[in-house]
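Engineer: Before I ask anything, let me first share the structure, which is written out below as structure tokens.
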Amino acid sequence: MNGRTQNLWFSTFRLVIVYALFFAKLCFGQEECLRGGCYPATGDLLVGRENRITATSTCGLKERTTGVCNNCLHNTKGTNCQLCKDGYYGNALLGTENVCQRCQCPGGSSGNQFSNTCELRDVGKVFCTNCSEGFTGTQCEKCDNGYYGNPLIQGGTCKKCLCNGNINSAS
């Protein structure tokens with residue numbers, strides 16, 4: 001390296017160092033850099049800020065400047081893919097592939113869906129929270145009063161009774 005090349009190299013190096021010290025935000029100790037600021041490191045989740053991208057993340061593409069996810073995966077939704085989509089239930093914050101399961105309202109072998117939302121209330125018990133008109137039960141598996149049919153069979157539904165007030169709810 002001759003004197004001129006060496007001078008140019010040192011000048012460039014000094015410029016990079018000055019730029020880094022003047023413009024860059026440096027985080028120290030137990031902090032993590034996120035969107036131009038430093039925040040306490042909390043492991044895989046920055047609580048209230050972002051679900052960090054990991055190998056098992058539910059976010060496929062994150063907006064670099066805002067940190068908002070533009071491509072939620074595995075039936076998730078939300079700015080950080082922290083919720084299950086309508087029609088699915090589970091804990092999306094776990095970030096695994098099958099964390100959000102399809103609601104069974106009543107679902108199963110009938111394939112029928114009569115609620116677009118459900119939630120996990122007790123261990124292993126899913127409750128459908130918005131049964132369509134004419135359907136009732138924890139899985140929308142029964143016809144409501146004034147309706148008849150069998151929602152548990154494939155293609156089954158509940159139809160409004162047109163019985164002029166002559167209803168035998170036992171049949």
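Every residue, even glycine, has its Cβ placed from backbone N, Cα and C.
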Engineer: Could you tell me which of CYS84, CYS105, CYS118 is bonded to CYS100 by a disulfide, according to Swiss-Prot?
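Structural biologist: When Swiss-Prot is consulted, CYS100 turns out to be bridged to CYS84.
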Engineer: When the Cα-Cα distance from CYS59 (disulfide bond) is computed for each of the disulfide-bonded residues CYS72, CYS105, CYS118, CYS131, CYS140, which gives the smallest value?
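Structural biologist: That would be CYS72, nearest by Cα distance.
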Engineer: Just counting, how many other CB atoms are there within 10 A of the CB of CYS84 (disulfide bond)?
Structural biologist: 27
Engineer: Between the Cα atoms of CYS128 (disulfide bond) and CYS118 (disulfide bond), find the distance and write it as a whole number of Å.
Structural biologist: 4
Engineer: What is the total of other Cβ atoms whose distance to the Cβ of CYS72 (disulfide bond) is within 10 Å?
Structural biologist: 24
